[in-house]
């Protein structure tokens, strides 16, 4: 039996696995150190009351024969897909419930979607960016080209001068916090239509765009229905990192080589997936209720407030940074360090703050560092105090 | 952008999707017909009280900041992996929690595991068998050879006279209900070790073996830790079809071409998966508690009782069948029909019973038919009455 040889070309371990190991090793040596986690983009606010209530109700449904639910539709229950379609409608975008696939989370779908694409497609990936885009394609052996994000383009690379088949866009971007405006996205749609490329649009952080006039779904851009799949998540907007629920939208008319991507993905999911847990889907439904929306908006406000405090601190210290406005991430220059992994260790050892080295998001990320605003207000305040103490000294 | 061309080689739709469509069409034309579902292997007994309680408790944990859980370990929480290891220990098998990967269900893992194997491995698949084994490999373009199951070998094919890299075994078998004994499994392990093959052992129905002396895990067979991965499910044994939870066991010493399959799968999961919902893992933990085990055993008893009634009915009518003892499935000859799809329509139209055509499980299944014992006692009784009326007439 032969193993998939492409796995040899992967880094030793997935970025966040590596960070967890480094942190665990440090904690073991310093058991009393109170570490302040601003690394992995995990949320800290609990599920909102409307969602908790929905889980209780679902438990009772599952506990009684008359209301018990066994296998559900692979694509997700209509009650949830209809709620998501209404969420799109509120953004002025018409998406049919039939075009929505409920998922166990954006990460799962971003990886699994590759099953329906040929192995020799050329993939364009922003650099820096969420590392799973690269790793999942390396596993299949697809050639990867990078779209460089730099301070000059505000970490928002535009269409390249080469041909790409699959294009990843993440807006608001992880890790830089930068978000495309309509004009910039329209240029990408124009490129994709001209090149018969497919845009894989990761909108996991779209909830942070509320109140801005930046596009929060690529389907707000004319023509996108003919060249884009959108992958969304409840992880950050509704604190679902531990609940596991997202959704992927594939327009019915999206076709390549005469094949409907909607049908291909439906066939893939019917064969390798059995739908998302009923209890989780009921919880997700509650997120989209008027009550749930109001409550989650309030929870998001906590992270926005954290981001403001972090931005103020960095500004005060004269450290260059991006993001932090319509995004839970701040992307900063490593102050006084060339290597972002060295800075990671420095910050861990001297301020007990865990961040994410920019290099982990691609070679263009070297020299930069990501801080997350998903902590509690208390830990964020503590972290910024330590941060100020550390960098004011220098 | 080029799509995965192997998808062209798939059947029009996944077996159970096709059946659902046929049934929906019939129901639309006959809205008053009370259909009796013995087709798809879905359970009907509600979640047991211990599991419902666990979901309620998990909802509260998630609703309070002090006990909230965000991202969990990709491999599953230790509390659940340790419970599963104890379940193995009760079978006299030593499996470390580190070897257990909690999953969203056996179907997901059976499909996703293929990511870590090369595309040109020769795959051996029993025929008839659960159709996802074939479809998932067709998607990757792997060559497939069949292991014929017939009444002569009691639908339990032994090792073939050709080389196979990946071997699927499903015991108790879906759809035939046949289960391998120790000697037969030992022959498979011997073959796999000699050929450096990997056995993918689907133990989704192992719960039905309780009280028999047949092996309920392949790790009861000496040598299996060097040639087998076991995929398990809570779907049937604990009514989790709608909850979505299973587990996959990969021994730490399992190596091919010097590569640890445990590490490859860990890398795959860390990159394309973010763990199973915390609420679902708490529910699964409750299944393995003494209380949960006693309660689920009782629920399984209902299905066993159904199977007995079905077996008695078929015996009385003189229809040849297999399974139904240590399995929730009865595998019968289509009485008076050569085509199992014709018999499917005949049974639907004349007795309002939905079963599964044997041909859907492979060409060797043609002329046979699968009935599931997962209905309610009431619907099973009704179905058997209709069945008796229909076939006694002939």
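Cβ atoms are placed via backbone N, Cα and C, with glycine included.
Keep in mind that TrEMBL annotations are predicted by a computer and have not been checked by a curator.
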- [ ] Pick the one from B:41, B:76, B:301 that TrEMBL also lists for the substrate site with B:14, B:107, B:130, B:174, B:274, B:370.
- [x] B:41
Open item on the list: The pyridoxal 5'-phosphate site in TrEMBL lists B:71, B:106, B:107, B:130, B:174, B:205, B:233, B:234, B:235, B:274. Which one of B:81, B:142, B:244 belongs there according to the record?
Closed with: B:244
Open item on the list: Near residue B:107 (substrate binding site) in space, meaning Cα within 10 angstroms, which of the recorded positions do we find among B:71, B:233, B:236?
Closed with: B:233
Task: residue B:174 (substrate binding site) CB neighbourhood, other CB atoms within 10 A - done: 25
TODO: Rounded to whole angstrom, what's the largest C-alpha distance between any two of B:71, B:106, B:107, B:130, B:174, B:205, B:233, B:234, B:235, B:244, B:274, listed as binding pyridoxal 5'-phosphate?
DONE: 35
- [ ] For residue B:236 (N6-(pyridoxal phosphate)lysine), list the number of other Cβ atoms lying within 10 Å of its Cβ atom.
- [x] 25
Open item on the list: Nearest of the binding-site residues to residue B:236 (N6-(pyridoxal phosphate)lysine) by CA-CA distance, picking from B:41, B:71, B:174, B:274?
Closed with: B:41
- [ ] Filter the binding-site residues B:14, B:71, B:130: retain a residue only if its CB is under 8 A from a CB of chain A. Output in sequence order; output 'none' if empty.
- [x] B:14, B:71
Open item on the list: Please report the three-state DSSP label of residue B:107 (substrate binding site).
Closed with: helix
Task: Among B:14, B:41, B:107, B:130, B:174, B:274, B:370, the record's substrate binders - longest CA distance, Å - done: 36
